Amino acid sequence: MTQLIITHQSDSKLEESEVFLSELNRIKKEEDKFGKFSSLSDLRAIVKKGEFRIVSIYLSSGSILGEIFTFEFLKEFYGVLDFGSVLKVNILALDSIDKVKAFERNLLFSGFIKVKKLKGDGLNSSDSDFEIVIKAEKPSWKPEEGKVLVDDIDLEGSVPDIKNYVPLGQGKESCKSKERACNNCNCGRADLEKEIGVEAARKVYQEKVETGTARSSCGNCYLGDAFRCSGCPYKGMPAFKPGEKVSLANAEGDANDHTVDMNLIHEEKVDLITTTFDDDGSGVNNVQSKGGVLKLNI
């Protein structure tokens, strides 16, 4: 593969280096092309003389690197190279690492990819005496070759049908779908199961939900989901005011909603009063504080 070796016209110190002179002798033997440039137009003319997959630039110091290969220069030089070309910059003596970092950054900003700094590794031999080699590549693809992916996207199929949307609050946990009351039940179903049995209580509660006769036993239903119990039939509905009429959907998501009257539950602590009868039939009332709670619909 033919390579292009170029130097800058003003870099006289490079020709005094024995390392570079040995590189020139190698170029003559391998029939690589050599040229000098003083401006971007000269460099463009040299590159266009042939198809070079590798363009190698030799510099005597990093100071020339910062003076010549500016961002504007590299941006124009990027357009001169063929797609897939490799650029290598060989520096004989490095005087400032900051200039090398700035050069690498300008290479990336100009469009080059795979920018690497190979310290102590020359272009064609591992025992090269060049202090640093910077390698970069011009992409093998053109920007206009990109494919527009929007043509492959099925917009109609990617957007769900609005008819299949699940209304807010549906799918929440509900007592209607359960065989028994929750372990921490506070809606009254657990007490109802103790009185009339599990199956009978389930039917009663289901009927209350479907007919809209359910009543709050915790007093928190109107506050919103953050205060409602897990089996609350009002789960998923917005908060409302006590005594306000609200639309309550059953647990199956039936469209036939029911209007129910939401009553506020008031709780008061009560004492247990027992009466003890003597032999003569007279009774004595005993008051015991059990900390019980009486729930009333207001």
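Quick reminder: no glycine exception, Cβ is built from N, Cα and C everywhere.
Motif 'Cx2C motif 1' is the annotation Swiss-Prot gives to one range among 110-113, 146-149, 218-221, and that range is 218-221.
Checking the ranges 97-100, 229-232, 249-252 against Swiss-Prot, the motif 'Cx2C motif 2' annotation falls on 229-232.
In Swiss-Prot, the annotation region 'Fe-S binding site A' applies to 175-187, one of the ranges 175-187, 253-265. Cα separation, C185 ([2Fe-2S] cluster binding site) to C221 ([4Fe-4S] cluster binding site), rounded: 14 Å. Most buried of the binding-site residues C182, C232, judged by other Cβ atoms within 10 Å, is C232. Rounded to a whole number, the distance between the Cα atoms of C182 ([2Fe-2S] cluster binding site) and C221 ([4Fe-4S] cluster binding site) is 17 Å.
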